[in-house]
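A.B. asks: Sending over a structure as structure tokens; questions will come in a sec.
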Amino acid sequence: MSSAVQALSDGWVVAQRNLVKIKRVPDILVFVLISPIMFVLLFAYVFGGAIDVPGDVDYKEFLVPGIFAQTVVFGATFTGYGLADDMQKGIIDRFRSLPMSRSAVLVGRTTSDVVYNVISLVIMALTGLLVGWRIREGLFDALLGFLLLLVFAYAISWIMAYVGLLVPSVEVVNNASFIVIMPLTFVSNAFVPQEQFSGVLKTFVEWNPVSTVALACRERFGNIDPKIAVPDSWAMQNPEVYTLLWVVAIVAVFAPLSVRQYRLSTSK
Amino acid sequence: MGDMIRASGLVKRYKDVEALAGLDLTVPEGKVLALLGPNGAGKTTAVKCLTTLIKPDAGTAEIAGVDVLKEPALVRSKMGLSGQYAAVDEHLTGYENLVMIGRLYHLGKARSQQRARELLERFDLTEAADRPSKGYSGGMRRRLDLAGALVAEPPVLVLDEPTTGLDVRSRQGMWEVIRELVSSGATLLLTTQYLEEADKLADDIVVIDHGQAIAQGTADELKARTGGERIEVVLADVEDREAATRVLAEVSDGEVKVSDNGRELTAAVRGTATGELLRVLQGFERETVTVLDVGLRRPTLDDVFLALTGHAAESDENESDEKEMAK
């Protein structure tokens, strides 16, 4: 068996193991989902009135794809959380003593977190439909939008995997990822249209991949007024290509880094 | 018949602490070697080096003829490890745990499922097979963990303190299971803090302290070096201490140890324990020494340690060190 095939097949065994946990401890999922649902309600009914959306689109329609982007980025912390948890427990010594691929634990974790994200996207979409979000383009376009979200989430998972291996405990993962994730999701067009930012912040928003994911989804779902002017940044004009470039770059950097870190902590 | 486990000159340093200071080991095929020592002696570090979990700073090691440093992946397919902290996934059932391990040994799905069922049956876990292992007792978890080491029927087994922290009944259960394994021809390296355990299970014992082997031999040989069995006396009256010490000195080949409060005396006996015990009692009668308790006991790890190193095993002090290092 070639090493890549082995990494995938061993990774799948580990992923199945991770997924059993969702089945046995469903409370985890409940807590993961409560916060994005809260965000939908907060922004739709509390802050929404104060935020102006350009063109002829309801704020709730604008908001929901943004919340999708935020949800999958937050969901990625689960990768770090799960790995840090494994590293603290005896099970990791079992894995290390088995003739399995050295990257399988990481491949398995990032893969099972895709399933997590699918579940949370389904719940978020249902919540969105309840508050008035609609898919206005074709179903195929909508599926492409969701696919982009999942691919982007997968890349962020690898960053979080690295964080999870670096830090000594589960508690630290939470705090460490919070510092990165909060500015990344809030200084984007997820909640507030980019037109309302100015100066350096505006530039950051326009080149923030969270913005481009949200924008790409709005376009795919038809939650944006096609008549409004396209922002003057290459990233915003080509949100899908730009997002995918980030995905490739992140995985290319963080997958090898994480595998290396896993081996290092193995041979401490 | 070659040696299935061989280590020579293993060195591992953690900052200022030398966890292993040139450890040599050999275990011939089908034999059981016990690595006996207190916490912090370097047992777990030795196990981790041999099982590819950590890299030694110096020295070489082979498992089933395969170089641990050069071909760690191949080594992993030839050995099963059962650790000190039962390495089972608490959310998976016993059955799921074993099937997962089988699949990661690349046995294939059907074979993994079959092995899982066989092992659960053998380790008396069939009833608990479909419950998450979170709810298992300490003894059940250890048995499940040991079963995990056996999934691929590896020629070499390494058990790191398999009974530490278990109650007496579970410990005896584990001993039975391990003895069965040995009779089926596995080569086994076992670490333990208990001389009794090494005595019951091992062909050969290596006593380890400060990362080095300080003695090697069968249990009987080691005990002989520590002066055989002990007579322990508890005096009714501290005033009798000198007379009692005199009597004990006649049968002992070493010093008579007196406890701090002066009422408990211990002496290693030279000849046949029961005969000497009788002589001691007659001596007490003669000298009119009154005792609350007299007994024979076998040497403990502490006695072996005291005899070999001149210091007690200091297990409590070092416990946290090794745990720290093992991270």
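Just so you know, glycine gets a Cβ as well, placed from its N, Cα and C.
Curation plays no part in TrEMBL annotations; they are all automatic predictions.
Here's the feature list from TrEMBL:
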type	residues	note
DOMAIN	A:27-265	domain 'ABC transmembrane type-2'
TRANSMEM	A:28-51	transmembrane segment
TRANSMEM	A:63-84	transmembrane segment
TRANSMEM	A:114-136	transmembrane segment
TRANSMEM	A:142-165	transmembrane segment
TRANSMEM	A:172-192	transmembrane segment
TRANSMEM	A:241-259	transmembrane segment
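In the displayed structure, how are the listed features positioned relative to their neighbours?
C.D. replies: Below 8 angstroms of C-beta separation, residues 21-22, 59-60, 63-64, 67, 70-71, 74-75, 78, 116, 119-120, 123-124, 127-128, 131-132, 191-193, 196 of the same chain, each at least six residues beyond the ends of the transmembrane segment (A:28-51), sit close to that stretch.
If one looks beyond the transmembrane segment (A:63-84) by at least 6 residues along the same chain, the residues whose Cβ comes under 8 Å of a Cβ in the stretch are 18, 32, 35-36, 39-40, 43-44, 48, 105-106, 109-110, 112-113, 116-117, 120-121, 124-125, 128, 131, 133, 145-146, 149-150, 152-153, 156-161, 163-165, 167-170, 172-174, 176-177, 181, 184-185, 188-191, 210, 213-214, 217-218, 221, 223.
If one looks beyond the transmembrane segment (A:241-259) by at least 6 residues along the same chain, the residues whose Cβ comes under 8 Å of a Cβ in the stretch are 102-103, 106, 148, 151-152, 154-156, 158-159, 161-162, 165, 209, 212-213, 216, 234-235.
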A.B. asks: For the transmembrane segment (A:114-136), could you work out the same-chain residues 6 or more beyond its ends whose Cβ comes under 8 Å from its Cβ atoms?
C.D. replies: 15, 19, 22, 29, 32-33, 36-37, 40-41, 44, 58, 60-61, 63-64, 67-68, 71-72, 75, 78, 142, 146, 149-150, 153-154, 157, 221-223
